Amino acid sequence: MGSIDGTRPKLSKDNKKLLKKQAKAKHILLKHEGIETVLHLSQSLVVANGGLGNGVSRQQLLAVLERCGKVETLLMPPNKPYAFVTYSSAEEAIKAYSSLSGQELCGEDAEQPITLYLSFVEKVVVKEVLSPSLPPGLIIVEDFVSPEQERTMLESIDWDSETSSQKSLKHRQVKHYGYEFRYDNNNVDKDKPLPGGLPDFCTEALRKCVQRGLIKHDPDQLTINQYEPGQGIPPHVDTHSAFEDEILSLSLGAEIVMDFKHPNGSVVPVMLPQRSLLIMSGESRYLWTHGITPRKFDVIQVSEGQTVGTISGNSGELTLSKRSTRTSFTFRKVRHSPCDCAFPSECDSQQTQKEKSPPTVGELGASTLEREYVHKVYDDIAGHFSSTRHTPWPKIGDFLASLPKGSLVADVGCGNGKYLGVNKDLCMIGCDRSKNLVDICRERTFEAFVCDALSVPFRAGAFDACISIAVIHHFATEERRIAALQELIRLLRKGGKALIYVWALEQEYKKNKSKYLKESKTSQGPSSDALGTNLAVKAPLPIHTNRTSFHSQDLLVPWHLKPTNKSKVTPENKEQNEKEHGPDSVYHRFYHVFCEGELEAMCNRLSNVAVQHSYHDQGNWCVILEKL
């Protein structure tokens, strides 16, 4: 390194290279984090690339920094690629600046070494952050089982037995007892209990729960999951109508941090130590989602006394903990009556009672209708929906293939990310209103985030192209459909192109039936009469019969969430099939299906676009637009 006392000795080629990279690191810190470095000497430094977000633990960084002197404070903000260090004297800070800048450090899980870049900062402010409280109704019992009992339970799991109660789920092992837990709807088939009940090796742990008064109901369903480092659980609430109040989770083999999220957006990370028992009841069971972020390290408290409870955001107390193989035993009691909990807004039993008759737009209002009959539905059916959406449509693939290499493309309403990986030569970013669908995108390593199509958080003119596939037809009024179109065009640069697909009223066009009609196995009529397309009319929306022609433009379309292992259903065996497997869970999605010329006319109302091409593709009206 060159001198920092104002003189300018001749620099070697390596030193010049280091100073250039150090200047770049300063620029990045200022641009993205707002951290201002200073040219004069001080006791405090910012260590770029030396953060928890780079996979550098507190112990690892501290060992390097202490070579240069006594460290007074070391702040490591969660998930950030930098840290702040304050030495007891400016001389020690100068020594660190001179000797550690450019030093390589191997992160806990880094494939390549990390290079540290140090810069002086004026002052490091230590902000005291209190640990959040546990969600109401959440209890953690530490050391619930002994190490010997833990070993016995883990060794008793027969992962190799080939039964219907064992499956491989997204590369992790899972085993069910009592009833098979269905991950597509967080429920069980109550009419199909598994033989054998709960295993004997769990008896002692359950007896202890009863003796300590931790549970009111004896569990009759158990799911065992084995998680390797890097695996997680999407945020969810176990279906209210499926299980009784208490849900128990026993963590064996390793500790883990589980995230609890309130509907208001507040998140509480909770440490579950090895051999601890988690009990969710009341508000924590019915209102808060719980999940585990898929990663190989957790951010935890560094203090040894903080072995259980919530994780604070105090950057002076955080470090990384490398995950190990964790096996969770989740015990539930199957419910056989409707849920009557104190959280009706989140309760499927109480919502079903309110929604026995189809809604009217006048009663709900457009945004409420979309929230109840689009947003919530897609979150509930995300897994099943994604499993049916895997093959890109050829003409959409052709559009993406026609774009220049390196184009920046937004997929607004990307769903499960089916089109995000079609053309590897493009830089594609997806967004969707459904968090569960976005989670699926992230599992597939696509770039995607949650937002509303009416307000996409990107600057105007940022994209070379946009696609909107099967999105705009979910908006309940013409004004909102036009607003969604305007937002799409706002994202485009001048000369940028957009491809838009919406469902067509004309499922048979020029004597050719769409695939939607061709897949119909019956010729049933609509399930209710068409009630008109004027959304101001306070009449119930008609419920469409799947695989038939449309008789109204504004309607509800059913989605049948099918039980697993369901046999082929025909009119002749329908009654027997439902007796054996249970009926489908039915969700209704709002659609406005477009008539011929409607989409093109809507586009022509915008002054800054030109319709390049308009066509009908498999029951959809489609346009390609260019921004003027």
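Just so you know, glycine gets a Cβ as well, placed from its N, Cα and C.
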**OP:** Figure out which of H176, H290, H336 sits with H236, D238 in the Fe cation site per Swiss-Prot.
**Re:** H290
Subject >> Zn(2+) site partner of C339, C341, C347 (as recorded in Swiss-Prot), chosen from H217, H240, H262, H473 >> reply: H240
Original post:
Near the Fe cation site, what residues other than H236, D238, H290 in the same chain have a C-beta no further than 8 Å from the centroid of the listed C-beta atoms?
Top reply: N186, I233, P235, V237, I247, T289, G291
Original post:
Between the binding-site residues H236, D238, H240, H290, C347, which lies closest to R326 (2-oxoglutarate binding site), Cα to Cα?
Top reply: H290
Original post:
Taking just the CA atoms, what is the gap between Q226 (2-oxoglutarate binding site) and H290 (Fe cation binding site) in Å?
Top reply: 17
Subject >> Cα proximity to C347 (Zn(2+) binding site), best match among binding-site residues Y227, H236, D238, H290, R332 >> reply: D238
Original post:
Within 8 Å of the Cβ centre of H240, C339, C341, C347, which other residues of the chain have their Cβ, at the recorded Zn(2+) site?
Top reply: S241, Y286, P338, D340, F343, P344, E346, D348, S349, Q350
**OP:** Please average pLDDT over the domain 'RRM' (43-123) for the predicted structure.
**Re:** 86
Original post:
How far is it from H290 (Fe cation binding site) to H240 (Zn(2+) binding site), counting Cα to Cα, in Å?
Top reply: 14
**OP:** Take the C-alpha atoms of C341 (Zn(2+) binding site) and D238 (Fe cation binding site) and report the distance between them in angstrom, rounded.
**Re:** 13
Original post:
Where the distance is taken from Cα to Cα, which of the binding-site residues N225, Y227, R332 turns out closest to H240 (Zn(2+) binding site)?
Top reply: R332
